[in-house]
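Taken from Swiss-Prot, the feature active site, proton acceptor covers LYS300, and the record attributes it to sequence analysis. Feature annotation from Swiss-Prot assigns S-adenosyl-L-methionine binding site to SER183, ALA216, PRO217, GLY218, GLY219, ASP235, ASP255, ASP271.
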Amino acid sequence: MNTLFLHCRPGFEGEVCAEITDLAARLDVPGYSKAKPGSACAEFVCSEAADGERMMRSVRFNSLIFPRQWARGGFVMLPESDRISVLLDALADYPVCGSLWLEVVDTNDGKELSTFCKKFEAPLRKALLKAGKLVDDARKPRLLLTFKSGREVFAGIAEADNQAMWPMGIPRLKFPREAPSRSTLKLEEAWHHFIPREQWDQRLAPGMTAVDLGAAPGGWTWQLVNREIRVTAVDNGPMAESLMYSGFVVHQRADGFTFRPRHPVHWMVCDIVEKPARTAAMIETWLGEGLCREAVVNLKLPMKQRYAEVRRLLDRIESGLAERGLKVSIGCKQLYHDREEVTCHLRRHGK
């Protein structure tokens, strides 16, 4: 099991390679990364078989920025018929797993394999159970089978508590018809990713206050209002009338980068199209000056050196807040609903 297989957004294979290579260097793991542009996946091949497991046990998956999902294992070539027998033979040395996901990559070819996977899963699951390779135990690793085609599959495993919460890292979120824009799903996905579900009622509680910078027409504001959070929506553009009638929104026509609330708020959210360095400086100001307790902010990405630039900006925010003597947790992820951007979550601890 010397190979790590990583899913990603198509076009960001290079960023995944850069990030996983950086991680391997920090862990002193020799190996190399490779990816085909547009393939929606990347691989890291470790020089030593045990290093794949060491890498995955040394870091939390949620701390990675560009990978959507990961697994360690190897490729298996399948015949036209009797695929299950060949797979069982290939899995002979794998540990007993507590759950099974059949996955595909996020490309048109991958999506065409979804029907095959749905038909194949039931007989495969039955065979794995009979062979004793699959049991119902959430504490055991998850078996992740990523089909590149009907004849090639990456047979991988990952610890059930250290991988994506959805197959392929793709959330199944329903667009609310009342929301004024599809961008609303970005904020909902961010909450799922950064905030444990059991903490939502505490950290996204009715009666809290928020500022939405660059709010129009109100996709992110809608999510806040839906949880009965009072929002100051900052944008020179018009807000959806339905939100203004809700009684939870005050519209301030102002520049999102210069606006400051009269009183600290619980949340600041921002999805403004701007150079990432300027947005990063704004994040540091809001958290550093105690203007908000938590924030979800999108950083738009440059055309080149995207991983290096994100890493540089995150380090800058972290060091800037540390110099102020503040304890702030920082998370960053390219979410499924993100495009040429990443989503940052920051939470200030203490006073």
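Placed from the backbone N, Cα and C atoms, the Cβ positions cover glycine too.
Projection of Swiss-Prot feature records onto the structure.
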residue: SER183; record: S-adenosyl-L-methionine binding site; CB count, 10 Å: 17
residue: ALA216; record: S-adenosyl-L-methionine binding site; CB count, 10 Å: 20
residue: PRO217; record: S-adenosyl-L-methionine binding site; CB count, 10 Å: 19
residue: GLY218; record: S-adenosyl-L-methionine binding site; CB count, 10 Å: 30
residue: GLY219; record: S-adenosyl-L-methionine binding site; CB count, 10 Å: 23
residue: ASP235; record: S-adenosyl-L-methionine binding site; CB count, 10 Å: 22
residue: ASP255; record: S-adenosyl-L-methionine binding site; CB count, 10 Å: 13
residue: ASP271; record: S-adenosyl-L-methionine binding site; CB count, 10 Å: 23
residue: LYS300; record: active site, proton acceptor; CB count, 10 Å: 17
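The distance from the Cα of ASP235 (S-adenosyl-L-methionine binding site) to the Cα of the residue listed as 'active site, proton acceptor' comes to 18 Å. Nearest neighbour of LYS300 (active site, proton acceptor) by Cα distance, taken over the binding-site residues SER183, PRO217, GLY219, ASP255: SER183. Put simply, the two farthest-apart Cα atoms among SER183, ALA216, PRO217, GLY218, GLY219, ASP235, ASP255, ASP271, the recorded binders of S-adenosyl-L-methionine, are 20 Å from each other.
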